[in-house]
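A.B. asks: So Swiss-Prot has the following annotated:
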- Cys17, Cys20, Cys39, Cys42: Zn(2+) binding site (BINDING)
- Pro121, Thr122, Gly123, Cys124, Gly125, Lys126, Thr127, Leu128: ATP binding site (BINDING)
- 5-58: domain 'ClpX-type ZB' (DOMAIN)
Amino acid sequence: MSKISNSGGDSKNTLYCSFCGKSQHEVRKLIAGPTVFICDECVELCMDIIREENKSSMVKSREGVPTPQEIMEVLDDYVIGQTYAKRVLSVAVHNHYKRLAHAGKNADVELSKSNILLIGPTGCGKTLLAQTLARIIDVPFTMADATTLTEAGYVGEDVENIILKLLQSADYNVERAQRGIVYIDEIDKISRKSDNPSITRDVSGEGVQQALLKIMEGTVASVPPQGGRKHPQQEFLQVDTSSILFICGGAFAGLEKIISDRGKKTSIGFGASVSSPEDRRAGELLRQVEPEDLLKFGLIPEFVGRLPILATLEDLDEEALVQILTEPKNALVKQYQRLFEMENVELTFHENALRAIARKAIERKTGARGLRSIMEAILLDTMFELPALEGVQEVVISEDVVAGSARPLYIYAEREKEKGSVSA
């Protein structure tokens, strides 16, 4: 039931939303039902939920596998830019799960698994793409850091622990885990230190590549349910990895130079391009990556062979970072606005303030990953003070606030009052 209150001698009744509890003065519209009221904000929230559920049901095609266009459409809701990488991933994931859906139907042709390698700078969306793909297909997902992995028998994390994590995300349902997605980050950090095979044992570099080969290609892994090291008296869960999709990602710093050097060797003669490879953006160079470049970088041939699909991501420019701040469903600006709404305060960012935040992230070379730390630093004092203040209706963030030369503007319900002077 909605609440109705009489304020002192005021004869007017105040109506409240039956769902969120906001009064008619705090919302644009309050719609009356037989015994309840609903505000425009709750109506919009309900519409978002319905749209999301409709999209999830539409994402299933006749065979139960979403089409590449449907996958790309959902990726667009969460990941800004990176059109080429999203297109490659959409096709690869569609083909992978179509292969599983038709397994055993056509025995004359056996379709092999195609794992994926994502190459792009830090903070460009590699991890988010992998997480979103798992959400679209509704399969278990786990993420591993390649830098913590070692060969079996050495101190560190065994590669089979990756499969254990996948099992845990599937609530130990082996059948579901066998259709899951594994994302291995920082894969470039396990590259060989030189082009020549290592003389000494490299247990965290080439050794890890060797250890990953079997589970990526397809094997029956014996996984201890409780994790840790194996011992003979222990019971094991048998997990077939041949249907698990492995997506590996890394920044591959320095790979552009290897590609550029290869380009210089071939750009000779009258028909050669006059533009220097160095003049091109790193993203354009990365898109020309060949398996031989990855071998020179330090990945072993067998490992490169297990990753036949290459998707490259580009550095995010200022425009893309501003879009990331404001447009996706989980956009940072929307998240902080919701936090401020809980204090009944509206949070407003000027357009030039958002661009200043984006420029800061570019200067720090942290990509989209650095946006949250910048936002936290800007809003820290405000979030500390706000719960103890009364009557604040709106907080405005300008470019000067981002630069640190001014305090946020506090607008009060009864009067407009600036919190602090123009200079900090």
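Heads up, the Cβ atoms here are built off N, Cα and C, so glycines get one too.
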A.B. asks: Give me the sequence-ordered set of same-chain residues, not including Pro121, Thr122, Gly123, Cys124, Gly125, Lys126, Thr127, Leu128, with a C-beta within 8 angstroms of the centroid of the ATP site's C-beta atoms.
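C.D. replies: For the ATP site the neighbour list reads Gly120, Gly249, Leu313, Gly367, Ala368, Arg369.
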A.B. asks: Compared by Cα position, which of the binding-site residues Cys17, Cys20, Cys39, Cys42 is the closest one to Cys124 (ATP binding site)?
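C.D. replies: Sorting the binding-site residues by distance from Cys124 (ATP binding site), the top entry is Cys42.
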A.B. asks: What are the sequence-distant neighbours of Cys20 (Zn(2+) binding site), meaning same chain, six or more residues apart, C-beta distance under 8 angstroms?
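C.D. replies: Counting only residues 6 or more apart in sequence, the Cβ neighbours of Cys20 (Zn(2+) binding site) under 8 Å are Cys39, Glu41, Cys42.
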A.B. asks: Using an 8 Å cut-off from the Cβ centroid of Cys17, Cys20, Cys39, Cys42, can you name the remaining same-chain residues around the Zn(2+) site, in sequence order?
C.D. replies: Ser18, Phe19, Gly21, Lys22, Val27, Leu30, Phe37, Ile38, Asp40, Glu41, Val43
A.B. asks: Would you identify which of the binding-site residues Cys17, Cys39, Cys42, Cys124, Leu128 has the most other C-beta atoms lying within 10 angstroms of its C-beta?
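C.D. replies: Going through Cys17, Cys39, Cys42, Cys124, Leu128 one by one, the largest Cβ count within 10 Å is at Cys124.
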A.B. asks: Restricting to the chain of Thr127 (ATP binding site) and a gap of 6 or more, list residues whose Cβ falls under 8 Å of its Cβ, or answer none.
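C.D. replies: Same-chain residues close to Thr127 (ATP binding site) (Cβ under 8 Å, separated by 6 or more) are Met143, Tyr183, Asp185, Gly249.
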A.B. asks: Taking the Cβ of each of the binding-site residues and counting other Cβ atoms inside 10 Å, which one has the highest number: Pro121, Gly123, Gly125?
C.D. replies: Gly125
A.B. asks: Roughly where does the domain 'ClpX-type ZB' (5-58) sit in mean pLDDT, to the nearest integer?
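C.D. replies: The predicted confidence over the domain 'ClpX-type ZB' (5-58), as a mean pLDDT, is 76.
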A.B. asks: Where does Cys42 (Zn(2+) binding site) sit by DSSP, helix, strand or coil?
C.D. replies: helix
A.B. asks: Same-chain residues six or more away whose CB lies under 8 A from the CB of Thr122 (ATP binding site)?
C.D. replies: Ala251, Lys365, Thr366, Gly367, Arg369
A.B. asks: In whole Å, note down how far the CA of Leu128 (ATP binding site) lies from the CA of Cys17 (Zn(2+) binding site).
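C.D. replies: Spelling it out, the Cα of Cys17 (Zn(2+) binding site) and the Cα of Leu128 (ATP binding site) are 36 Å apart.
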A.B. asks: Have a look around Lys126 (ATP binding site) and count the other CB atoms within 10 A of its CB, chains all included.
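C.D. replies: Looking across every protein chain shown, the total is 26.
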A.B. asks: DSSP on Thr122 (ATP binding site), three-state: which is it?
C.D. replies: coil
